[in-house]
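Encoded as structure tokens, the structure appears first; notes follow it.
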Amino acid sequence: MIIDTTEVQAINSFFRLESLKEVYDIIWMLVPILTLVLGITIGVLVIVWLEREISAGIQQRIGPEYAGPLGILQALADGTKLLFKENLLPSRGDTRLFSIGPSIAVTSILLSYLVIPFGYRLVLADVSIGVFLWIAISSIAPVGLLMSGYGSNNKYSFLGGLRAAAQSISYEIPLTLCVLSISLLSNSSSTVDIVEAQSKYGFWGWNLWRQPIGFIVFLISSLAECERLPFDLPEAEEELVAGYQTEYSGIKFGLFYVASYLNLLVSSLFVTVLYLGGWNLSLPHIALPFFFEINKAGRVFGTIIGIFITLAKTYLFLFIAITTRWTLPRLRMDQLLNLGWKFLLPISLGNLLLTTSSQLLSL
């Protein structure tokens, strides 16, 4: 009887330890995800504030100044306002598609952050097809916009959804061809490998210098994918009121608002990763990675430096995107499609052909 009791106690202790280990593993898995979500949230708030301040400077007016110091809490005030607004549904629309559309758009963009390396060994999912996984995931977002436009039962919303789908298809192909050229140069489709392939010669090792044509095409295609001026035809106020967002209010409208900035941040991060060397300091002949690997404190410091460098390069592209918004006029729909199919697609195909030829000759 004593032996049986001892065995039962040992088994119970073993199961308790196993349960604690499972809980610990779950917590350890959730910590980086929650940290990434917190970082993304802060990044979006900073982008909104920067856009308001830069736009005010370009237009020679005063930007937000009442919501917190220097108006830095303006985005938080806007989000709170949208959160407490009434959530209206169209009486004759498809309420299921109407409600699911914004969620699909936001979720597909959020999943793109899984393959982005923010620093040395700081990525949630280092998969061998990282860049193409991003393209596949981001291709789902236009489906959500089309569902939103169709479910609204509004001609302006439906036309805006159709424009969003057509625009995404037109510019997704040149963007994919540019990414394929980068993969050929790096001999890998992993985002981490692409960054490390640019670290050999510092600043001169960036793909920006080896792929200048691809960089310009990728830049234009990224702006078009984000539906930023001069490519904001799905939301053209003068023609479509607000496009696929016309019938939305409250938190659902806020989701579209967040999705646009999330997409802009994703595009900026991928410009940094694919063309600007990612987390690398970009100074040749300086063995900083070796210095950062000396001890644990060095690794932590190196990770922080890498995150700072990545974000600095990212916000440089964001500044260009925001400045472009107030510099160039909106294109017509035919001009937008002609630019994508008649100019960017042949140029990106030619760039891919040149890259493939150079790689074959170097073998």
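Glycine residues also receive a Cβ, built from the backbone N, Cα and C atoms like all the rest.
Going by Swiss-Prot, these are the annotated features:
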- 30-50: transmembrane segment (TRANSMEM)
- 98-118: transmembrane segment (TRANSMEM)
- 127-147: transmembrane segment (TRANSMEM)
- 253-273: transmembrane segment (TRANSMEM)
- 300-320: transmembrane segment (TRANSMEM)
- 336-356: transmembrane segment (TRANSMEM)
> Most CB pairs under 8 Å with the transmembrane segment (30-50): which of 98-118, 127-147, 253-273, 300-320, 336-356?
Replying inline: 253-273
> Under 8 Å, at least 3 Cβ pairs, sequence separation 6 or more: does that hold for the transmembrane segment (253-273) versus the transmembrane segment (336-356)?
Replying inline: no
> Near the transmembrane segment (98-118), which same-chain residues lie under 8 Å Cβ to Cβ, leaving out any that are not at least 6 residues past its ends?
Replying inline: 36, 39-40, 89-90, 124-127, 130-131, 133-134, 137-141, 143-149, 151-152, 191-192, 195, 244, 247-248, 252, 255-256, 258-259, 262-263, 266, 269-270, 273, 278-279, 306-307, 310-311
> So what's near the transmembrane segment (127-147) in sequence-distant terms, Cβ-Cβ under 8 Å and 6+ beyond its ends?
Replying inline: 97-98, 100-105, 108-109, 111-112, 114-116, 160-162, 164-165, 168-169, 172, 175-176, 179, 182-183, 188-192, 194, 225, 234, 244, 259, 263, 266, 270, 274
